[in-house]
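K.L.:
Please see the structure below; I have some questions.
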Amino acid sequence: MTLLQVDGVTKQFGGLTAVNNVSFSVEEGQICSVIGPNGAGKSTLFKLISSFLVPTSGQVRFDGAQVSGLKPHVAARMGVVRTFQETTVFKEMTALENVIVAHQLGLQSRTLGVFLGSRLARDENAAIRDSSSEILDYLGLGHVKDERAVNLPHGYLRALGIAIAMAAKPRLLLLDEPFAGMNPDETNRAMEMVQGIRRRGITVLLVEHDMRAVMNISDWIVVISFGSKIAEGKPEAIRADEAVIAAYLGEDDLELGH
Amino acid sequence: MATATDPAPTRGEKRVLGPFLLIFAPLAAVLFVAIPFVLADMPYWLNVVTNACLLSFASLGVWLTFSIGRVNIAQGAFCLIGGYTVGGLTTFGGLSFWLALPFGGAAAALVGYIIGYPLLRLRGIYFAMVTLSLTEAVRLAFLYFGTMVGVTSITSIPSPPGITSPMAFYLFAAALLILGYAGIWRLQSSRTGGVFRSMRQNEELAASIGIDVARYRVFAFTICCFMGGIAGGIFAALQQNVYPQSYTVADSINFMLYCFLGGLEFVLGPIVGTFALVVSFELLRAIQEYQALLYGILMIVVMLFLPNGLLSFFPALKRLSGGRK
Amino acid sequence: MEQILVNGAILAANYALIALGITLIFSIMNVLNFAHGQMFMLGGLLVYWLVVQIGLPYAAALIGATIIVGVIGMAFEVFFFRQVMRNSTREENTMLLAVGTALLLENAALSLFGEKQRGVPPIVSGVYKLGDAFLPANRAFVFGVSVVLIVAVLLFVNYSRTGRAMRALAQDRTATLLMGVNTARVSTLGFGLGAALAAVAGGLLITVSGVNAGVGTAISTKAFIMIMIGGAGVVSGALLGAVALGFIEAFGYAYLPGSLTYLMIFVALIIFLLIRPQGIMGKPWG
């Protein structure tokens, strides 16, 4: 079943076209990757899909409903949740508090009930605590859950960012360059994490520069260059695609999956 | 063991109730036992602490906007709105103070709610500057439209019925303050408080996990404005008058300073900050001409040596006595 | 009509000095200088003191007051702002420190000079006539000195070594540090220059309209309005904001009842900021 449908999406900034008429779709349960050379418009496309930018034309449909043009928090409620590059977490909170506060969706108790401490709100708080601990354990952060985020090493922060997104119970998780700046060892662990997320029934769309990691875990790859889609297909097909090789030529790290 | 009759959350609730009582009980003791006992025959000082209670109440609201990451220099404007509403309803409308007071809070909250949506999109110094402008704009609006209808100021506002002595007025103000403290404390320690803190640290990240940032921002701001309106309404009845210049930019700045000097990390911060500044200003009155200067120096010294507020002195002390950094 | 334009131009020139100063401090230090109006006030009162009490000639008094306030500004940077910036946990801290220094200056001025409105007699007498407009020579003098100073500051910021370092610092603090610029020294100088500009504006205006110890907050508010219109931290924006405010004020005072002018300015400003939060020239979020 098609979960995400990107349909002729274009984004212009002033006279500059950052994303030009890009279409593709993501099937439920897939790991799909959008790749491209530096400056290809990956970040813009990512923001368009996650509703952090509004497309100039075209639309993004999620599970049949239009999500482009919605506010980010509304898209999150529908099940489209993004992560941020690098180390965007709530720095002054502990790891556990980070994930607890991220449990905002699907709650029954309202602000007044929370304020008055209703039975419902207390039960929900307990459920949130359990769920948060479970997510942290699943992503290998259980042992640092009471550590303040500012004190955590970089690698952990990336995982914590994903834990925060997981707490919003996404159906589609959008990962923004999850492997950037990682050494091969860290990349391997992060790849396992991404596959683990998919095993929980979450569809994953990731935007990435690192070709090797993408080739190994993706079911489907979309390649963009200068804002336009130049190829899409299974990893083996992409590896052999002339247009893709040409686009990546001149890049320093020409490494097509070995 | 968690059972059906003794669910796990109650344990969590009790854990947070402990620290609350640790501060709440001494605060109540100071407000309702120590101060009334010591100042019983000192009407001047009783008036000073009554003022401090009401100012603290308004500052608690400003503290709440600090907790969502906004420097709010508009509280004077909402005190003014509350003051005029209560003053007008009691003096011209013949309404009892007790009926008029909720309207004072509601009028301020309504204005805050309406302008909050667009205004709170601004951040950092822009929000600070625009709220500062708002204080001046509201003052000028009362001045201009007041002149047009021939009533710029309201004088001889009736006292609240039932409150016949300075002590009674003080106890009323103290009760309001402790109610406000409990309410804000409860709010910030609840899930909603977590949402506020998350927004202060990163609004985009908060939105990405489904938090309706705009709605929560306005929620916090509206509560702040409501508290300002209530404080302003009571002040109008206490001083029995309200003028456009009853609250100026300097007053709005003071509310913000009280929070900051008490400590932004503590709900008690605005109360400690307000009392410390109001009382020290009165004490410095003894040295007449240098009162203002010493007050200014005192404030800078606190900022330099306790940049996280007066209350951060205690954890610092604890660290020192514990011998660890 | 011509009279309004003349008045507007004089106001705009004086305001430009204030706006340049506050925007300089903001761009270099990322501090919103709440004490700017108080520095203006102190400049004015020091000129009054040096001229009326000490008996110095006006030019010497103006230079003296400017230097004194400039040094105060540098001292603030070294002893207050640098310390707080080093170990502050929240970005609000410097803003609140600036509020503290504003109170300090205002209270010091109250203790030293009292709360009376002070003035200095006009430096030059006579009246020029421009078309239908009257231009008192003293105002022409204030206008002339302001314009010369504005040009001097612009030249300094754009072409001198230190000025270029200041602009670099405003754009990227870390990169400037890596380039081998002594950022601490440049910050101190920038803060001092900003303070001095406020002082010279006060020292000039005291010959026109008088200054009292309580005028600071109102001047700071005007400074904020100007940088909100133009965009915080941008020199061209500061000038634009000053010109806009000067002429709006001149027109408002000519055609509207007293309190309405600023009421309308504030309302227009709030609406303007909602449409364009970064001002006309500014970058988003400063």
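Including glycine, each Cβ sits where the backbone N, Cα and C put it.
This is the feature table in TrEMBL:
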type: TRANSMEM; residues: B:20-39; note: transmembrane segment
type: TRANSMEM; residues: B:45-66; note: transmembrane segment
type: TRANSMEM; residues: B:73-92; note: transmembrane segment
type: TRANSMEM; residues: B:98-120; note: transmembrane segment
type: TRANSMEM; residues: B:167-187; note: transmembrane segment
type: TRANSMEM; residues: B:218-243; note: transmembrane segment
type: TRANSMEM; residues: B:255-281; note: transmembrane segment
type: TRANSMEM; residues: B:293-317; note: transmembrane segment
K.L.:
Counting only residues 6+ away from its ends, which parts of the chain sit with a Cβ under 8 Å from the transmembrane segment (B:167-187)?
P.N.:
20, 24, 27-28, 31-32, 35-36, 39-40, 46, 49-50, 53-54, 56-57, 60, 63-64, 160, 193, 223, 227, 230, 234, 238, 267-268, 271
K.L.:
Are there residues at least 6 beyond the ends of the transmembrane segment (B:73-92) whose Cβ is under 8 Å from a Cβ of it, and what are they?
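P.N.:
Residues packing against the transmembrane segment (B:73-92) from afar: 58-59, 61-62, 99-101, 103-105, 107-108, 111-112, 128, 131-132, 134-135, 137-139, 142, 154, 156-158, 224-225, 228-237, 241-242, 244, 246-249, 251-253, 255-256.
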K.L.:
Hey, would you say the transmembrane segment (B:45-66) packs against the transmembrane segment (B:98-120), going by three or more CB pairs under 8 A that are 6+ residues apart?
P.N.:
no
K.L.:
Please give the sequence-distant neighbours of the transmembrane segment (B:20-39): residues at least 6 beyond its ends with Cβ less than 8 Å from one of its Cβ atoms.
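P.N.:
For the transmembrane segment (B:20-39), the list is 45-46, 49, 53, 167, 170-171, 174, 177-178, 181-182, 185, 189, 268, 271.
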K.L.:
Cβ under 8 Å to the transmembrane segment (B:218-243), counting only same-chain residues 6 or more beyond its ends: which ones?
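P.N.:
For the transmembrane segment (B:218-243), the nonlocal Cβ contacts are 50-51, 54-55, 57-58, 60-62, 64-65, 67-68, 70, 72, 75-87, 90, 97, 100-101, 104-109, 111-113, 116-117, 119-120, 152-160, 169, 172-173, 176, 180, 187, 196.
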K.L.:
Counting only residues 6 or more past its boundaries, what in the same chain has a CB within less than 8 Å of a CB in the transmembrane segment (B:293-317)?
P.N.:
257, 260-266, 268-269, 272-273, 276-277, 280-281, 284, 287
